[in-house]
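> Sharing a structure here in structure tokens format.
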Ligand code: GAL
């Protein structure tokens, strides 16, 4: 009753003020268009009078290096990678992707603020700038930031030229030997101008937590930092349908912070299966004048990490079925794109993934929004280096001066995302060795705790023995182990937390659709074609195959989950071919660089996706020249047993069993001899009934192209993407798994060709050119909308092949 009465009064207040308060509140302008870009240094690049009309016209987010060309000489690193156990330096080509990201770049944009006056405050927000951004307004340097992955902002009010035009210039510097992977280059995330009143809610000033949750009620705590005097804050909580479910008004301020505690009845809890989001609308009043209004999405969910019990979400124990992701989006580089991120998450969702780790840096805000909406838990990481270097020009140069402010910005900008359930202050930092390391771990963890008392902190540790000895591991809220499956038991006993996280696991290497014989487990295995086998038995000297992690995940209740290295291939780090040109992107991905699933996808899916069944057979069955030779067949399936047939002849029934990790999680027929034709697997349920089957046929010659789009309707916003998978089939419609035809792409109508990718880590074909070879019979074409609604046609042609076309519509 009491709640209803308060609600009624408050609704009255809001109604009155929105009628009388005519003052505008805040405007957020995303600076996307009309940027000018220059690759290289310019003496007077920030000057207002500079004529930049000859500079390249670009839109932001922008990655200046992704168009290549690939070049072996770029960022050659003559190093011994100590973390990988190397003792002698070797010449690493392609470690950072062999794309031209080194050097200086300038960006310029003109903007004006027509309603600017002395009551206004202007904030300039960067959601990431690669790297070492120096920011100038009207020729004057107003600030800089070192870490390319940080979000940061400046109050630029004193520099605004009234209502006339202002010149924003940003200088970026990327140094050689500054990264272990492709970091991208440029204004690769959004730049926003926020124009608000002097009396307003501070940037990242809202912090929402849910300290008490029962099925009847959740206590929502909202802290709001503001500027100004004599203010009243009204917070209105809306459910997912937009209906107001609670409202509170307060004038009691503690310093510059309001604190409200609001009850939400019968709360809908957020989880990966039910990603329910509430919105808190904050309105700030001076008297009855509305001064500011912001909206913050949040979730109501309970997280707990308990010794020996594990991690629980909303009181149910669950394990992280997670993947690590680098931030590049393959053929479009690091320029953030929501459609590309959404596609990645859609693929991962189908695999049964429930968590993402942003390795080894701050995630994009778009990725967090999508994880909130689509239901993924998130481990948000900050650094790959602390004070001790991994690469000569890495983050260690800034650690002492910048680590605190970088963490503060990470936490303040992202802490309302329900998806984030843990922070990571570092990955395999060499500071694990030596007595200073544990102190640094504590210092960083304390900053996280100060900024957000609700989530624990981990570090991905690879020097497990050192961290047991030094106390480093004991300091952490959650001890995270990178690889080292053989040390889990010892670490569990040595560390006082009573649980272990597989912060980074597997690092199995494979190339989509490539199979090598004989089929044997191997470490750091190299082949003449610089590919790795998709039988999924090859890993690095420090790493292992997925099955070994599965054993720990299944058998040890105190192991709280894993984050597999990696969900998708990424640019750079072409292990095991770090010294072999033209390898220029990773082999670690469960999906390739084009986002196409490798076989391993189905191995994880067979365990992780508990809603749908998996039945997947490998290899392909086109082995001309291998007739009569042993060609093992593996099946990744959620069923426990199956029978294999080669041209109708039974090869016997296989059952999962505990004789080895691979026998526990895969069905394997090791002695099959190749003969062209048909292989068929028939899966049985636990009663022995045949319930599903899969067939693979030997294909004839490539005959016809086939297109399949992930979306055939796009938003006409100039950003949305359709990912069209192109494959080739023979006369009978059978996919040709080894085809390498050179194809051409033509986009007509209200859209543009954005890029293509075939997932071949050794390809030097440029992503943005409308031609590419198939790799293992497939590639992906990215078609982008323009801002005009209409129809797009993609036509794909190849010599001697039947052409294919697809129509995509776009709407406003
Ligand atoms: C880990 C490291 C990752 C990546 C991976 C490759 O040691 O944290 O960034 O290098 O190895 O296996």
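Using N, Cα and C of the backbone, Cβ positions are placed for all residues, glycine too.
Unlike curated records, TrEMBL annotations are generated automatically.
Not my notes, these are from TrEMBL:
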DOMAIN    32-192  domain 'Glycosyl hydrolases family 2 sugar binding'
DOMAIN    206-301  domain 'Glycoside hydrolase family 2 immunoglobulin-like beta-sandwich'
DOMAIN    308-468  domain 'Glycoside hydrolase family 2 catalytic'
DOMAIN    628-692  domain 'DUF4982'
DOMAIN    705-807  domain 'Glycoside hydrolase family 2'
SIGNAL    1-21  signal peptide
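Buried or exposed, and what's around them? Tell me for each listed feature.
Within the model, the domain 'DUF4982' (628-692) shows a mean pLDDT value of 98, rounded to a whole number.
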> Mind checking how the domain 'Glycoside hydrolase family 2 immunoglobulin-like beta-sandwich' (206-301) divides into helix, strand and coil residues in DSSP?
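Computed counts for the domain 'Glycoside hydrolase family 2 immunoglobulin-like beta-sandwich' (206-301) are 0 helix, 64 strand, 32 coil.
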> Looking at the stretches 32-192, 308-468, 628-692, 705-807, which one shares the most CB pairs under 8 Å with the domain 'Glycoside hydrolase family 2 immunoglobulin-like beta-sandwich' (206-301)?
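By the under-8 Å Cβ criterion, the domain 'Glycoside hydrolase family 2 immunoglobulin-like beta-sandwich' (206-301) pairs most with 308-468.
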> Where DSSP helix means H, G or I and strand means E or B, what are the helix, strand and coil counts for the domain 'DUF4982' (628-692)?
5 helix, 33 strand, 27 coil
> Could you put numbers on the helix, strand and coil content of the domain 'Glycoside hydrolase family 2' (705-807), residue by residue per DSSP?
0 helix, 59 strand, 44 coil
> Under 8 Å for C-beta pairs, could you tell me which stretch among 32-192, 628-692, 705-807 has the largest tally with the domain 'Glycoside hydrolase family 2 catalytic' (308-468)?
32-192
